[in-house]
Amino acid sequence: MRAELNKGLIDFLKASPTPFHATATLVQHFEAAGFQRLDERDTWAVETGGRYFVTRNDSSIVAFRMGRQSPLSGGIRMVGAHTDSPCLRVKPQPELQRQGFWQLGVEVYGGALLAPWFDRDLSLAGRVTFRRDGKVESQLIDFKLPIAVIPNLAIHLNRTANEGWAINAQNELPPILAQVAGDERADFRALLTDQLAREHGLNADVVLDYELSFYDTQGAAVVGLNGDFLAGARLDNLLSCFAGMQALLNTESDETALLVCTDHEEVGSSSACGADGAMLEQIVQRLLPSSEDYVRTIQKSLLISADNAHGIHPNYADKHDANHGPKLNAGPVIKVNSNQRYATNSETAGFFRHLCMAEEVPVQSFVVRSDMGCGSTIGPITASHLGIRTVDIGLPTFAMHSIRELAGSHDLAHLVKVLSAFYASHELP
């Protein structure tokens, strides 16, 4: 099971270079399992035992299985994750021609570790909006091939490079695509028009706009002398999206189960398709006949917010609290913060620990050092919007927000097992 899950995650990561592609890949899996797409613009008629999914902005998805009994009876078991990761996004007018090279201006999306982006074989993917035969359409594209690179400056020209230096995102991050002649004019939209034709056979009249990100073409892999680790891009947080999907597909229960994977977590979630928007609340409201039933159901429900945790690094162990250093391959981590950067409380933490013990899944705890700031997740945001009890958990990871992150190769199976047990559970606290 462990090897099969890791292989599935590696394939999922390869197919999901952007939130748009991640959502499309999730849709493919759910449709293959018999889930029915719902359109938010239509009237819904969900049925007992039915399986459905909804997307918004092509970058967020809510998938759910209606239980054999009403959600009002036993509540809804929810798992939440996010589809986006820190990256470099192409600017609206990106063409740069400097010293005979064609480059693209980029904007840093989220809290990216920038240094690892240098000297990588980069490709480009995302969503393009265009006009064809008088109609406005959108399509996902993925160049797949390594079409760009951000070369480092040689140490001979930067003698203090190994002493640390501030990276200027405006000047130092534009990737190089090609060499151009002095009188040659680079045309990025023409490149996108060609890609639409090459990848989809579409003859666009004009490219109107786009949301495109660079990504590392090196695929994810199981690594280490004994295969202990899983290395790859976007583990934060496609690992949790994949685990939640597997758990939802693997379980049948009398209770209603739901997976929500939203966009824009890395930049605050404040969007129509982010956790700070109304998407999840609006969808759950439509599953219940009245506002009274909605409130009662939410108070019987529970959310597991799944987002990667900081594993204790052997070279930087002093960055962790001495008693709270999560280890790779030692199971999921319950994340706690007294200032509500995580939504965990003693009741929800206790329930998650109970699930892990019942499934013989190891479990750990994380709290940030008292002299350091703490990150956050969709957990507190969703708990605030819905009023739902929430526990923040995640798998321990090294190099979070790097272009290539590292997790334990045993931990995905741990997470899928406990999330499956959660979806199948008959009683919530």
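These residue numbers are counts, starting from 1, taken along the chain as shown.
Quick reminder: no glycine exception, Cβ is built from N, Cα and C everywhere.
Same-chain residues at least 6 positions away in sequence with a Cβ under 8 Å from that of His82 (Zn(2+) binding site) are, in sequence order, Asn237, Ser240, Cys241, Cys261, Thr262, Asp263, His264, Glu265, Glu266, Ser269, Ala275, Asp307, Ile378. In three-state terms derived from DSSP, His82 (Zn(2+) binding site) belongs to an extended strand segment. Per Swiss-Prot, Zn(2+) binding site is recorded for His82, His156, His401, and the stated evidence type is sequence analysis.
Neighbour counts of Cβ atoms within 10 Å were compared across the binding-site residues His156, His401; the minimum falls on His156.
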